[in-house]
Amino acid sequence: MNGAESPHDVVVVGGGLAGCEAAYQLAQRGLRVRLVEMKPHRRTPAQTSDRLAELVCSNSLRGAALSNAVGLLKEELRRVGSLALRCADETSVPAGGALAVDRERFAEAMTRAIEAHPRITVEHREVTEIPAERPVILATGPLTSDALAASLAAAVGAEHLAYYDAIAPIVSADSIDWSRVWKQSRYGKGGAVRGDRAAQREQTAQPERAAPPEDAAERRDDAEAGDEAYVNCPFDEAQYKAFVQALVASEKVEARAFEEVRYFEGCLPCEVMAARGEQTLAFGPMKPVGLTDPRTGRRPYAVLQLRPEDEAATAYNLVGFQTRMKYAEQLRVFRMVPGLEEAEFLRMGSVHRNTFVDAPALLGPAMELRALPGVHLAGQIAGVEGYVESAAAGFLCAILLAQQLRNEPLRPPPPTTALGGILTHLGRKQPTYQPSNITWAHIAPLDPAHGKLRKRARYEVMAERALRDLDAWWAAG
């Protein structure tokens, strides 16, 4: 997939994993690239080094096994010539079943490869507005400067740009105890029972509580959701109170000095809501109005709802339960939820500083802003989460842009691959778009002809299919 020298110039803004990967892949395809990085003249509050591709938090690139979605993504990146994976493998350190790197040597290797490439020129200056040059890739990361973020917001609409993420956990469908839950959207949409308020009062043994003012909005949300019913995990009063107490008492992740997270009232961490009062959640995301447990014919005291994460409903997210609890605490507390006692968590919840756009609303198939042709986004600003995913997004943005510049039909990786799954996530419309690590829910499910497989076996078959399809796609290029 390498090409001859090209007259096209591409500007890449940001020298992190996504920007470096994008610049390298474009240069490998014969394009002259100008990579603009503001260090050493200015650093984000998280940065301490002047090198490119600085890993500011963990040195781990997470699990290596192919039965792990990120492990599959790493293997795919190796097979397509990723610079980040090559440097990671060269600078790896012992980490059990994970791929971890010596972060100093890794950054040195990435910087050396970029600076030595004959078709890449590195400029050190700050970019405070979207450059006039086209095409341009913005890969400015989660701590994009206020000035550049303001320029982007002015171009796409402030409502489509977020300054921190609020991620709820995701559980696998296979791990839900379906004997304890039921499917129904509020007021009977997609479920069994619809009734007026008087009928609901007759069906429940608990006193009627005033409905919150957002009921009308939730009715609209349910109508827009079509026939896709939520999964409802019911609580009695004792279970609810114990759950709230556990949320309040749980250990939380301390905000890093550079984050300065300011919560929006409409997207508070669940433990913050719980701390405001015992009934806050019961009048918020856990309110049971419009829901009837078919096993009892009554409305539960409280309900935690799960929403499908993918079309095949192989995974569900915990609606409204974005959290800053430590991961071990999330496992302990969320397994108190009826039906989730043995839940497998595909993604843990988090809340942290993160500048990103509403990718499904804004980006076209080449990761290009529909409102600004020639402006492409890569990395965390597009809505991926994690080192490996950022490098993957840089790779994808580069190869799609290269195809576009050559007037070739776009040839994205198949949706059966992890690389294709990154694009699936960026294009999948959600009620509230949030960044995500790669999960199996982003990858096309197996054909039903495979029959019922145990979880690990299913993932292994999906990985085999992914690598087979990836190799065929890559060879055809």
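Quick reminder: no glycine exception, Cβ is built from N, Cα and C everywhere.
Note that this is a predicted model, so its numbers are computed, not measured.
The FAD binding site annotation in Swiss-Prot covers Gly14, Gly15, Gly16, Leu17, Ala18, Gly19 and is backed by sequence analysis. According to Swiss-Prot, the region 'Disordered' annotation covers 190-224.
Within 10 Å of the C-beta atom of Ala18 (FAD binding site) sit 35 other C-beta atoms, taking all shown protein chains into account. There are 34 other CB atoms within 10 A of the CB of Leu17 (FAD binding site), with all protein chains counted. Non-local contacts of Gly16 (FAD binding site) by the CB criterion (under 8 A, 6+ apart in sequence, same chain) comprise Leu52, Ala53, Glu54, Ala139, Thr140, Gly141, Gly379, Ser390. Contacts of Gly15 (FAD binding site) defined by a Cβ separation under 8 A and a same-chain sequence distance of 6+ are given as Leu35, Val36, Glu37, Lys39, Leu52, Ala53, Ile114, Val122, in order along the sequence. Annotation for Gly14 (FAD binding site): same-chain Cβ neighbours under 8 Å, separated by at least 6 residues, are Val36, Glu37, Leu138, Ala139, Thr140, Gly141, Gly379.
All protein chains included, Gly19 (FAD binding site) registers 30 other Cβ atoms within 10 Å of its own Cβ. Same-chain neighbours of the FAD site beyond Gly14, Gly15, Gly16, Leu17, Ala18, Gly19, judged by a C-beta within 8 angstroms of the site's C-beta center, are, in sequence order, Val12, Cys20, Glu21, Ala22, Leu52, Ala53, Ala139, Thr140, Gly141, Ala378, Gly379, Ser390, Gly394.
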